[in-house]
Structure formats: structure tokens, C-alpha cells
Amino acid sequence: MTDRVLDLNNNYSTNSLHGDIPYKTASPHASGTATPQPTEIREELSSFSGKGIATSQVDKEQTVQEIPKKPFREYITVLSLCMMIAFGGYVFGWDTGTISGFVNQTDFIERFGQKKSDGTSYLSNVRMGLLVAIFNIGAAIGGLTLGRLGDFVGRRLGLMIVVIVYIVGIVIQIASIDKWFQYFIGRIISGMGVGGISVLSPTLISETAPKHLRGTAVSFYQLLITAGIFLGYCTNFGTKNYSNSVQWRVPLGLCFVWAIFMISGMIFVPESPRYLVEKGKIEEARVSIARSNKLEVEDPGITYEIDTISQSIEAERVAGTASVSELFSTKGKILPRVVMGVMIQSLQQLTGNNYFFYYGTTIFKAVGLQDSFQTSIVLGIVNFASTFVSLYTVERFGRRRCLLWGSASMAACMCVFASVGVTRLYPNGKSQPSSKGAGNAMIVFTCFYIFCFATTWAPIAYVVVSETFPLRIRSRAMAISVGANWIWGFLIAFFTPFITSAIGFYYGYVFMGCLVFSYFYVFFFVSETKGLTLEEVNEMYMEGVLPWKSPKWLPKGRRGADYDEKGFTHDEKPWYKRMI
């Protein structure tokens, strides 16, 4: 990997306080050679004291280099730790996979449903929508409130606390006997715990993982969501033939196992080095970075990383304490980033994925399947297996390209799904049996859709927002962005039974329209962050780089003499020609 000079003339530099620092290039070889690397510089290194930043003059010339890339096998340990952090996604996925079956199980319906005049039980659209969707409202509240724990007690301890909140909610649900509102309250509380997880887990991973593996590591969160959904489906299938509360209490009881496993795993996970530097714990931050990159604590690359983080934090500290109002400020390009984060998380829900995941069992009953639980398992397998593809594509092709491909391909799949459902599923009217061929075609295109979603929007929406915000406002901005995801999740989960009752499979055209919109939104508003440190991502936004030109943008320390900085911030082409 090419060594890189530490650029102190960027937006996060202490030069604004201490003046420009001259530098020179020198060769590591015999004199007279023109090899420009590694570069030696005379610099001022920033180091934290207990109460702030102290600067010391380095009188000797020192080689400063980035953390080197190593063979993949060297990162197995840190990726395993990131997988442990991402296990919170499994907790969320488990809920999604199990609740879709609960609302179709006889014991659950008898306990928490309503009675017809003939004495049989049923779940009305309102009650079903509330029991399924209220989890998302709890998650939105938890993301906005409990997600802030990461700024006060650290990302790691914050995760432990929100998992305990989740356990409290599960206890209330399991203890419910026949009062639907007790179960309802339990889902709100467990949702709050998962909402906190959805903020803290991707944040800790993005701040801990090596930059060239960050996209893959954050994608673990979505991978484990899909694992939870799949195994939740399987557990429902295994308990559906019981005639008592085993149908739903066993899947809920297993939540304790997942929660205890996650809390235990957090003991072995390093704290975010960015959080540690912000709190002045420099040595602990060095150890954290060393563990993540399989380096010695005194490695020059770690010094470089610590110094870069320190400069960024010092610049933010000089600007004062972050406030909620700052999220709506155009200074530092903050507001456009917050809007983009909210839009990406909202559009992830508006792709229509939870139309299948929350109500998959119900949907496939409608297409005439005798055992729709089995079909849900098939969808779970496709979802889980496809997410593995994203672990490669997110770093190979970048965030933008994957999102664009996902929007286009999912729109096509949703168009076919809706069209077949509207025109071919009931050729002789809804009072007659459905067409088996049409039903099978809908299932096939649902699988194609889920493959496209799992390889693109599912993981990359979390990757993008976890990389976008500066440390100063990261927790707040992440909470707002992910909160938008949960709110849209609630709206879709709650209103889907009513909408499908009214317009049937025409509902798919609504999601198709959202997917077309998402394609254009990503092209014009989402920047490429592949291969950049979090500090370099901030630098890119501060320069005002146009999103469609961002894939070729370089940080200041990597630019050559022919680099056209202005060309990345201006484009005279009409909007439609920019897409060619």
C-alpha cells in the first residue's frame, strides 16, 4: 500500500491555530533518486492532555504513514468482533421473522384476538397492525433516546444497556396471558431496545473496523438481520403444530438466549477509538486501533490514525458543543447530510421489503399455497444467502453503484409481481381458485426481489449513514436517520392490511414508484465513501464534491499535480446528461 503524507492543510488541521508547517519530500533510498515516498515531514503532532489538546514541536524529521493493509486472514479476529457487535441485527431479525408467524397461529389469535358471533377468534386489521407495527414506534423512540447512550457511557456499554431494555420487553410479552394491550406494551419496550441497538451497533462497527473493510463489516449487521428472520421463520414452522402457547412462547423465550449471548460478547469487543480519543483516553484508543488492525501499539500507522482523529475532534471542540439545532444548520454541510441520511433510511423501507417480511405468510396464503410457512422459510433462505454477496459487492463496486443497481432491479421485480397479481392471479374472479402458475411466478419474482434487496439496499443503507456524519454529531444524526426508518416501518406494517384489503396487489405499484424515485435520488444526492476514512469522508463533504463525481474524488494527501479540484464541485452539463 502506498504510504501517504499526513496532510495538515485540510479542514481538520491544527494549522489554523499554529500556522502552516513546511514539509519536504525525501527519498528513503540513496540520494539523487526521485522516488517521492515515503514522505518525511516536519510537523507538529497533536496529543491530548487530560483537559484538552497540547501541542509539542517535533524537531526531528519523522516518517508518517497510513495503517498498511494486510492479508485478509490477518483480519479474521477483528471481523469476528464486528460480527459480535452486529449480533444486535439478529435480535431485530428474529422479531421480524417470528411476529409474521405469531399473527397466524391459533393460540396467539385466541388469546389476543377478538371474538366473532359464532365464538371463533380473529385478529382485526387494526389489532394486527398495532401488534406488528408498534415495535417500530418503540424502536424509533429507542433510537432517538437510548442511542445517545453511546456519547455518555461509550458505544460498548451503551449496547449492553439497550439489550437489557430489550429483555424487559420480552419478559412482559411472555407473561401476557390474554390481555393484548400487555403484549402491546411489551413490544414497545423491546422495540426501544432494538432501536438503541440499530444506532449503536453500526456506529461502533464503522468506528472500529479498518477502512477498507468497513463496508463489509457494517454489512454484517444486515447479514445477521437476515439470519434472525430465517431462523425465526424456521422456529415458527417447528412450533405451529402445537395447540397451546408453545407456538409463540418458545420463540419468544429464545430471545433471552440471544440477549445473554450479545451481552457476554461485548466483554471482548474493543471500544470505539474515536470515542476514546474524544474522552482523552489516548492509550486505550491506541490499543483499540492496534487490535482492529493486528499491529503493535507503537506502529507509526497508529500514530497517524490517532493524530488524524485528534485533529478532527479538536476542530469540532473549537466549534463548541454540538446541539440539536446544529443538525439543521447548513454550516459544515450538516443539514444536507442529515436529510440524505433520513432519505436513505426512509427509502430502504419504501422499497417494500417489509411488505414481504412482515406479511409474507399472509401474502402467500392469498396466492393459494397450502403451507405458506414453508414459503416464508424459502424466502428467509434467499434473504440470508444473498446477503453474503453484499459483503463482497459493497467494497468491490462501491455504495452508489450497488444502490443504483438495486433500485433498478427491484423496481422491475416489483412491477412483474404486481402485474401478475393484478391481471393473472384470479383469471375467473376472486371468488374462484387462484391460478397456480401465476402464484408460482409471483413467488419466483419475490425471490428475485429479495435477492436484489439483500445484496444492495438492505445492508448498504446502514453502511452509508454510518459513514456520513462527523463524530461531533454522529450519534444524534444516526438516531434521526434510523428513527425515520423505524417510523416508515411502522406506517407500512400498520397500514398494509388496510391497503391490501382495498387495492390488493396494486400495492406493488406504489413501491415500484418509490424505487424509481430512489434511483434518481441516489444518483444526485448520495456520495461514494468506499475506501475513505471517516475523516476523509467529512473532508469530501466539506469541499462540496458533487455526488455523481465523488467516486473519483481523492483526499488532499493523495492528489497529484494534475488533480482538478474545481472539476469535482462544478458541472455545467444539464441534469439528464449527467446520468449518461
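Heads up, the Cβ atoms here are built off N, Cα and C, so glycines get one too.
According to TrEMBL, the protein carries these features:
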REGION    19-38  region 'Disordered'
COMPBIAS  28-38  compositional bias 'Polar residues'
TRANSMEM  75-94  transmembrane segment
DOMAIN    81-530  domain 'Major facilitator superfamily (MFS) profile'
TRANSMEM  126-145  transmembrane segment
TRANSMEM  157-177  transmembrane segment
TRANSMEM  183-205  transmembrane segment
TRANSMEM  217-238  transmembrane segment
TRANSMEM  250-269  transmembrane segment
TRANSMEM  402-422  transmembrane segment
TRANSMEM  442-465  transmembrane segment
TRANSMEM  477-499  transmembrane segment
TRANSMEM  505-526  transmembrane segment
When you check the transmembrane segment (442-465) against the transmembrane segment (217-238), do you get at least 3 Cβ pairs under 8 Å, counting only pairs 6 or more apart in sequence?
yes
Seg_contact(the transmembrane segment (250-269), the transmembrane segment (75-94)) with at least 3 CB pairs under 8 angstroms, min sep 6 = yes
The recorded stretch from 157-177, 183-205, 217-238, 505-526 sharing the largest number of CB pairs under 8 A with the transmembrane segment (477-499) is 183-205
